[in-house]
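Q: The structure's right below; bear with me while I get my questions together.
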Amino acid sequence: MTKLFTPLHVGRMELANRIAMAPMTRYRASDNHVPLPIMKDYYAQRASVPGTLLITEATTISARAGGYANAPGIYNDAQIAAWKEVTDAVHAKGSYIYVQLWAVGRPANPQLLQAEGGYDLVSSSATAVSADAPTPRALSETEIYAWIADYAQAARNAVAAGFDGVEIHAANGYLIDQFTQDICNTRTDAWGGSVQGRARFALEVSRAVVEAVGADRTGIRFSPWSTFQGMRMKDPKPQFEYLAVQTAKLGLAYVHLVESRIAGGADVDATDRLDFFLRAYGKASPVIFAGGYDAESAVRAVDVEYADYDAIVGIGRPFISNPDLPFRVQNGIPFVPYDRATFYVPKDPKGYTDYAFSAEFQKAIEAAA
């Protein structure tokens, strides 16, 4: 009997299974970064197995933190109201939903930032994401504190929108990761120059969010091994060991780790393990593991590979084409393949809300009615 379908207490939630929907950018918000009605349908469909945790796509904490067209935000009243429709629909299915709080930093589109408010392209340092990319401006210390306040306000907005909690996006080469890793952060002030200095932004953001909404409504995501968007410091272990130790002290709802075999949305050949982080973090909270999992490897992760931890498996792309995914895993029903060509088509329901539930799931729902 696998632990994958045994309950687990996470923060303020009582999950019925240990499969979470991992965060995935889909660009189905309006041009003003307001969630469209199809987003409500999309998340409600994937909440259909009661007691499942969904983590939203990356959602910008403020207008200046954006720079991606048709990505949602959580910084104004229209966005909060639209997200409330989403969270109500998810809760009506008996499931849970966290919003992923996001500041883009140097990979943002500078033209879009200018058009949407005259905002600069910024980062920890004036270090471009690649040789042919624009060079960002380094944030001043005064600005850093203002951005930390943006995270806290976004967390409060999330609770107002009905979210069960928030996940701080500290992974995949976005702004927090740009402070964390020395491949980007070349600062010599208190926000860089050492393991402690580089970790400071992530930890100050975490503390501010915890103060705003509570540790039991806060998670954080790290990707120590990812090469996505110019990341991967030479030896990430000391940096992320320190973050693990310090994060463990905060008593968060969970920590979310990206396996080395995933770089952004791509599969890569990699064998670097997360054991070093887990040893430093201990058993401070449940841990979500994400990275190319299928039904078989998800069972192995919770029962064997991470059996000593309260492990949750984050599954992304297969959840797109299998809205009843936890039911399929539990009942040995094959996954429907996804269509990568529809992943990022702005505002389009095709490949978004048109994937069917399995016949077996539909029968189970009818029988329970």
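Note that Cβ sites are derived from N, Cα and C of the backbone, with glycine treated the same way.
Note that this is a predicted model, so its numbers are computed, not measured.
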Q: Swiss-Prot records P23, M24, T25, A58, Q100, H169, G316, R317 as FMN-binding residues. Which of G197, G282, G292, G351 is assigned to the same site?
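A: The record-listed residue among the candidates is G292.
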Q: Where's the emptiest Cβ shell within 10 Å among the binding-site residues T25, N172?
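A: Relative to the other binding-site residues in T25, N172, T25 has the fewest Cβ atoms within 10 Å.
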Q: Between the binding-site residues P23, G292, where is the Cβ count within 10 Å the lowest?
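A: Candidates: the binding-site residues P23, G292. Fewest Cβ atoms within 10 Å: G292.
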Q: Highest CB neighbour count within 10 A among the recorded positions Y174, Y344?
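A: Within the set of recorded positions, the most crowded position is Y174.
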Q: Do you know offhand how many angstrom separate G292 (FMN binding site) and N172 (substrate binding site) by C-alpha?
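A: Counting only the Cα atoms, the answer is 15 Å.
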Q: So among the binding-site residues H169, R317, who's got the most Cβ atoms within 10 Å?
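A: In terms of Cβ crowding, the pick is H169.
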Q: Could you check which of the binding-site residues P23, T25, Q100, R317 is the closest Cα neighbour of H169 (substrate binding site)?
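A: Of all the candidates listed, Q100 is nearest in space.
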